[in-house]
Structures are given as structure tokens and as C-alpha cells.
Amino acid sequence: MPKRTDLKSILIIGAGPIVIGQACEFDYSGAQACKALREEGYKVILVNSNPATIMTDPEMADVTYIEPIMWQTVEKIIAKERPDAILPTMGGQTALNCALDLARNGVLAKYNVELIGATEDAIDKAEDRGRFKEAMEKIGLSCPKSFVCHTMNEALAAQEQVGFPTLIRPSFTMGGSGGGIAYNKDEFLAICERGFDASPTHELLIEQSVLGWKEYEMEVVRDKNDNCIIICSIENFDPMGVHTGDSITVAPAQTLTDKEYQIMRNASLAVLREIGVDTGGSNVQFAVNPANGEMIVIEMNPRVSRSSALASKATGFPIAKVAAKLAVGFTLDELRNDITGGKTPASFEPSIDYVVTKIPRFAFEKFPAADDRLTTQMKSVGEVMAMGRTIQESFQKALRGLETGLCGFNPRSEDKAEIRRELANPGPERMLFVADAFRAGFTLEEIHEICAIDPWFLAQIEDLMKEEKAVSDGILSDLDFAALRRLKRKGFSDKRLAQLLNVSEKEVREHRYALKLHPVYKRVDTCAAEFATETAYLYSTYEEECESRPSDRKKVMILGGGPNRIGQGIEFDYCCVHAALALRESGFETIMVNCNPETVSTDFDTSDRLYFEPLTLEDVLEIVRTENPWGVIVHYGGQTPLKLANALVENGVNIIGTSADSIDAAEDRERFQKVLNDLGLRQPPNRIAHNEEEALVKAEEIGYPLVVRPSYVLGGRAMQVVHSAEELQKYMREAVQVSEDSPVLLDFFLNNAIEVDVDCVSDGKDVVIGGIMQHVEQAGIHSGDSGCSLPPYSLSEEIQDEIRRQTKAMAYALGVVGLMNVQFAVQDGVVFVLEVNPRASRTVPFVSKATGVPLAKVGARCMAGISLKEQGVEKEVVPDFYAVKEAVFPFIKFPGVDTILGPEMRSTGEVMGVGASFGEAYYKAQLGAGERLNPTGKIFLSVREEDKERVIKTAKNFQVLGYGICATRGTAQYLTEHGLIVQTINKVPEGRPHIGDALKNGEIALVVNTVSSDPQSVSDSHIIRQSALQQRVPQYTTTAGGEAMSEGAKSRDHLGVYSVQELHGRLKNRN
């Protein structure tokens, strides 16, 4: 039956900011859904608070709202736009929960809006643990023994029934938030308390543990005529007990017999029928007992998920696009498969003739206090995917795509006790310890006994270790064509072979080239080569026939950013996608190289050709050899491609845009200093030190406090503010490895300076400022973690003009062609240059959304030789409204990690708020970031000596709004002396009742807590920040943040909603 004609406009709810458990896979699904529905003639209205997404680009939907995703805001949008239906299955758990809130609060009934894609009942049945269990029993499928609980007493009674270890799963959360595995009563009580808080319905499932069972997932699509297809079966390398988002996964499933596969296939179709998903995609998770084959259902997601993004990329079947069309009434047989050029219908089940491996990427180095053991609560921040013709090839390609310094199964330890520990308690590198165990002489049976990973997977790694041993016993010239080809087919990189042979990677590469041994490229075609495909979606392997068939058009190759991590996230993918779109429009053939399955850049129709490959020198050079591009762009994927720039130039690759030499001039301290001196610009006093003694001497020359860091970093890794020689000594000994080649940088720290970010674009002749952003948090907080406002909310016009002048001077001096970002600090009216990055920065998407100028597209065209004049981009656009970007943090996933912000970046994502005043925009950004300010209660202030004066204004603002003020002794005394009425409250060490009690009792509406840097005061006040985090009370660890919130709260009762299209239209008419 064709599409529904009774629906004219559809509202899509996005997933909001990137958090652990919900990353950019929902930008990919949302963008696909927008395209699919507009193709069919529907008016699409979109709401999403995350500006760094492709889906919030003004051309993706008819009307786009970058607004907080909460039912109250969405109700305003519904009242304004009057959609006929809402599609809630494209925005992860955020969108589902928002849709349920709209239904429960009567909004859908009031405006007569229908939920499509999943009914309220189907969402509830799948997400409510108790109802789901009943539904499974009804169709004869077993679930683990479990009980639904709403109180601690019920939970304790349930625990006695299921025994230890016990699994705790909260309802209506994602990424296993709040859940965990308890091995004793203390752990059980702690996890339950956390879980009740995390579940919006205050409900937990207490479940029997099936640790060590094998875990599988099925990606299923079903239409309203009950046509069902399995897109892909996925098998977890890690057994049950590790969240599937933190597990290494393989597709298709490798260790099922055909009979077992058919049983699981039938079960997953039965689950969809019973839950009532009849218009879209779902994923169903199973566990199988390896001892006797018993199969149980773990859970299902009635929506597009992280796994469906993986399944889409693994097979080439666009699940989100198909699901969106099914939601408006199409059936699978009516839709065509794009990859085969329409030769097959969408009801044709994909089959694949290769193996896909996904490995998660973690960021524990950012959270030294966090527990890095993997459990049922998700902790990874990104993932990498690789394809090969064998499991060994795809596994080794995925390892080197992770960008954690691996080039294969690099050794981690020779200590048998440590290896045993790592196998038994899964951590982020367990697969490497499996390899170490084989090297150390463990047998396959022993390893399986300790870690419960399937013997078939273990045998694959064992075989690779035998190969490694044989290679390291020989010399390079022993490897003839046949021997080297055999190793390459098993996925060994040149670099890993070089390590084993004790030679350089270049020598291995030259030896391989001399033997004329190169990979071929195979196409992803959804049908295992049954039909020919025009779609150039390619992966490398060492076989006979190459299917790449390159054209002879003028081509530009764009290197992507690889797996998401803290410091390099979706913002860089956004820039890569824009480069591909712009250059395609300008008549170039575009080639994308990337290995992140969550992103829009790895969608097969974003660029003309997609190579799904690791971003290593070896892999990139082979693609260049095959495609022979006119130019390569390395400036848009963050640090990943920049690291390859010099080596690519050495190998004769034409890098377009800003030259590798200019990038080096900006990143190399001594060269950059010379550029600034020549221009007469100021930097904070700084020095370079190559060892500890030198650092201590030079520190005295500049004076404390200092910012110290290693050279060449992104996301402020291992950066610290130190206040004394003792702290500096500790840093030099514990945090960094210093040498002649990698010195440590010392900068004088500008206290209480205002930090400013500027993005600009240049074609080599003209420079246009994209936007000037004033940071909310003072200098010293990493720019990626700081809120910022465009236009600036308190900088004078003179200072802004001086910043413009300096930015342009540096762009000319460095010969920038494309984008450039500068960070300034302004102290007492003096402008200092902190750093310059002649590349795309993480603020580019935000600036583009705020000003309506697509900077990344403009920059890419400049690189390809199209001038700013020709593009009609000649002057800076300054909005007549305020846009505020705010960072979003993962602290709730890492109990015990302190929330104090500093120079090391720790945010995973961002949101944007738009308003007529700075206050309104800031308040909306806080709502978007998940902060909820209670209308009643007290404001708690506890600040260090130098912040007391600044906090007076904050206290007065909140008092006017009717809040009571309470503070710790010193702060209270100071505020009382300045005419405020303040209640004094005990710090935790001072006896009860103390601030911790007040937070637990719900008396506190907001916390402003700043501390001096000495470890004692940090640890004394740690409990305040932890309690605030657990009680979900908004907290600010800078006075600037607290003050901005006090301004913002004034406008909370009259917040407007503005579409991007109306805002940009206003700016166009004004200019």
C-alpha cells in the first residue's frame, strides 16, 4: 500500500547532545529520515538541541528548531507548527522518552498528533521491564529470572530469589545508565540507589546473572503487512556481562550453526510481532548458554539504535531511511534498494561476503579516577569498524583504526598474573591480553576457562600469534610474494611486520612495492555480488580482482576523523561532510576515507566514493595509488589526518589548502613565536623545557601559576595548571615523558582573563571572520568544555575590532587557505594570543548555525581554488540575537570522578540555545544540556577567597528571583557584610546537618562551588560536587557559570522557540 496521504507534516525528534551511550549514530539516522520523508513530499519539522549535527543544517528539514528536547519546549513547537504526526524512533532514548512524556501530559491528544514508527504502547511494552518479560513469556521465549522493583525492600527480596552475582537494570534509560553487576550486598545497595535515581519511572529490574553466556543481536525490519527481514546478525566477541556498546562485535555471527541461526531468526520476528513494531527497525538481543545451547531474550529496542547504524554500514542497507518510509505506510516490497541501483527491492534480505568487526574506543585517560572495568553500564565514547574477507583481517584492521597507537595485536604484558587478572576482569584492552596469554604459553582451554570468550575466536588469535612468532624468527628478505601475501590476507599491517622484524615501516613498504603486492578493493553491495552495483562503497583486501574502477575525473579526497573520542567528535565529521557536499556541487568527484560507523560521512551517498578504511599512512597511500586524486584535504578531520600530513607530502601527495609547512609553523612553539614577534602580537610569557631541572629554572623566570603541557595535543591531553614548584615537579614525574624531541611547554596562566574563540576563512587573498565567541568560563578551562556566546556579551567594540585585526594579520602571515581558529585571552583590556589552529575547529558547526554562513563549505571551496569573492562571502555576519554553545559531560557514568573543570577536555558533546538576550540563550543552553533549575529551594554558594567579590552579583540575582541563599562560613560572612541575607551551612567535615544532607533532602536548587588548587580543599569539597551530581542539582565550578545562570534564570518564564530558517532569513534581509 502506498504512502499515507492524510499526513502532511511530520515532526522528527532528534537525540540531543552526544553522550556516552548515544553518539552521532542518531545524526546519521535523523538525517536519513529527513531526506526520506521530504523525498515523498512531506513537510518535515525537526527539533534537536545539538548544533554539531548534519540534521540541523537548514537545508535538511523544512523547519528546524535547535531547542532543548523536553516535552514543554516541544509542546511550544507543536502549537506553532501543528504537525500531523511525530516520528520518535530516530533520536534514541531521548526522543522515545520525550514522545512518551508528550503522550502522558496530554499534548498529543490536545493537538491531535499521531505517533508513527512506534506506538505509545509498543514503546512502553519494550521499555518497561515488567511488561516486556510478560510479553516474552506469552510467546514462549524465556528471559533471565527477574523481578521488577520500585523500592529498596522489594529489590532486596528479589535479590534473595536470584542470588549473586546480580544484574541491576533501570527502566527507560540508555547505555545501561545507572545499572551494573553486584557481587555482594554493599555493591547491590549502592547500584540500586543509583539505578532508582537514573530511571525516570523509579523502576529497576533485578535479574539473574547470565555472565559468560554468548551474546547475539539481530537487526530486524518489519512493515505493516508483516513482511520481516533480518538485516544482519551480530555476535559479541565479549560474553555477557559487558554492555554490547562496550563489546567487540562481529557481523555476521560466526559461531552459530544454521539451525541455531534459524531458531534465533524466528524468535526475533516473534518478538517484533508481540511488541507491535510494525513500521520500522528494531534490534533484539539474545544470550545463549554455551554449555547446553539454551537461548534467552535479553531485551529489544523499538527504535533505530547504535547497532542499526553499525548494521547499516556493515551491509549497506539504509535501515533509518527504510524505517522512515515504512512509518508513513509503505511496505518493504514497494521500496527499492539504492545500493543495487534499484535492481532489488528493499524486501530482499542483505547477504554479505565479508566479515565486519567493531571495536569500541574508550577515554579513561581523561578520567584517571574512573573505574575502567567493563560492566553493564556503557563507558566507551566511540567505535571503529573494519571490513575484511576473514575475521583475522577485519579484526587487525579495526585494531589499527582505533588510533590508540596499535598496529595490530601489540604486546601489553609478559606478567602471567597480570594477564590472568585482565582476562578475568574485562577492561578496554582485553583482546590484547588474550594475545599476550598465547605468547606467555597459556593453552586455549586455560584462556577460555578464565574469560569465557568463544574458543573459535580464541583459535583465530592463537593462529595470528603463531604467525607473529614465525615472522620475528626470520628476516625481511625471507618474505617472498606468497609469504607476504599470506600475512597481508590475515590483516597484518606493514608497521606490525616492521616491529616483528626490527626494521622500519618504510623498508617493509618498499619491499612489498618491489614485489608488486598491493590490496584490491571490493564493493559493499548488500547482495554478495549477485548483482552489479554502481555504488562505490569500498573496502580493501588482498585478493585477485579489484572492483574499484576509478574514474579519470578531477578528484578531491577528504580524510575523516576516525572513531569519536573526547576532544575529537562529531564536529569534525560535520566539517568533512560539508567539504564533500560543497566540492561535489562545485563539480569535483569526492572521495571520503573514514572508519567510524556512526557518522554521516560514512554514508555511501554523502560522497561519490567511500573507502571504509583505517586512517593510517599505509591504508591512505594505497587508496591514493588506486584513485590518484588531484588533491587531499587533511584539515577537517581533527588531529587524525593532520598527523599524516607530513608523511603524505613526503610521498608526493598534493595536500590542498593551508600547507603542511604552515600547519607546522602554527603548532611548533619556536616558529610560531617568531610569527607573532614579526607581527608585534602578544603571547602570555612562556618557555620550553626538555627536562625537569630546566622546567623548574624556567618556571621561576615566568612566575606561577603556569599552564604546563606536552607539545602537539588535541583536547588538552595531560595539561595542567600548577601553582608551585612542588606541583610542577610532580607533573614532570608523573604525567609526561619529556625528551629532546618532545619538550614540555610552560605558559604563564592569566588569572580571571576572558577567553575568546574566533573562526575565520581565507582564500589566500581575503580573510573573512566567521564569528567571535566570548567564553563564559574564564581562561584556564579548556575551550571545548566552556560555554560560549556569539556575539560576545560583554566585550567592548574596540576589543572586538582589535581581535579582528590580529586574526586577519595571522591568517595572512601563515598563508592560510581554508579555515583557521584562534584562541585569545583578554586581561584588563590587553589581548593575548593563546593558540592558532590553521584547520577546522570544533566551533565551526556552531558558528555556521548561528550566522547562517556554512564555513566548512566555504573553506573547502577556497582550498579547491574558488575565491571568497566568487562565492559571495565578503563580510562577517553578526547575528542580532544571541547564540550560546554549552558543553555536556559524562560524569554521571563515572562515579567518583570529580566534576571540577580544568585545562583537560572532558565533555563528550554540546548543545546550543538561542535567545533575544544573552540570559535567555544561556538558560536554554542549560536546559538543553539537561540542567533543571527547581523553581523553589536555596542557592548554595561556597567559593574560594578570590571569587567572593564576583559572587555577590549572582547571590543578588537569585535573591530577586525569590530564592534563599545559603553558604559555607567564609562565603556567608563575606556576603552578609555586603548586605545579603544568608543562612550559614556546615561543610561536610564540620559536623551535621551539613551541605551533603541539605542536597539529599532536596533543599538545594543550585550549587556554585569553586576551590583553590591545593589538593586538600579539592578533596574536602569533592562530596558537595558528587552529591549535587547524584541528586541532579545544577552545579557550577566557576563563578562565571553561576553568574550566567543567575542572569538566565530571569527569563525562564518567557522562553521563545525560534526556527533556524527564520533566524537566518532575518540575517539575510538585514545584510
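A Cβ is built for glycine as well, from the same backbone N, Cα and C atoms used for every other residue.
In the predicted model, the region 'Carboxyphosphate synthetic domain' (1-403) shows an average pLDDT of 91. The region 'Carboxyphosphate synthetic domain' annotation in Swiss-Prot covers 1-403 and rests on sequence analysis.
Sequence annotations record features per position, and here Swiss-Prot assigns domain 'ATP-grasp 1' to 133-328.
Annotation source Swiss-Prot lists Mg(2+) 1 binding site at Q285, E299. Following the DSSP three-state reduction, the secondary structure of Q285 (Mg(2+) 1 binding site) is strand.
Reduced to three states, the DSSP call for E299 (Mg(2+) 1 binding site) is strand. Summarising the annotation, Swiss-Prot assigns Mn(2+) 2 binding site to E299, N301 and lists sequence analysis as the type of evidence.
What Swiss-Prot records for 404-548 is region 'Oligomerization domain', and it gives sequence analysis as the kind of evidence.
Residues or ranges marked as region 'Carbamoyl phosphate synthetic domain' by Swiss-Prot: 549-930.
The region 'Allosteric domain' annotation in Swiss-Prot covers 931-1071 and is backed by sequence analysis.
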Quiz item: Counting only residues 6+ apart in the same chain, whose Cβ is under 8 Å from the Cβ of E299 (Mg(2+) 1 binding site)?
Solution: A126, F132, V284, Q285
Quiz item: Given the binding-site residues Q285, N301, which one has the fewest other C-beta atoms within 10 angstroms of its C-beta?
Solution: Q285
Quiz item: Looking only at the region 'Oligomerization domain' (404-548), what are its DSSP counts of helix, strand and coil residues?
Solution: 76 helix, 11 strand, 58 coil
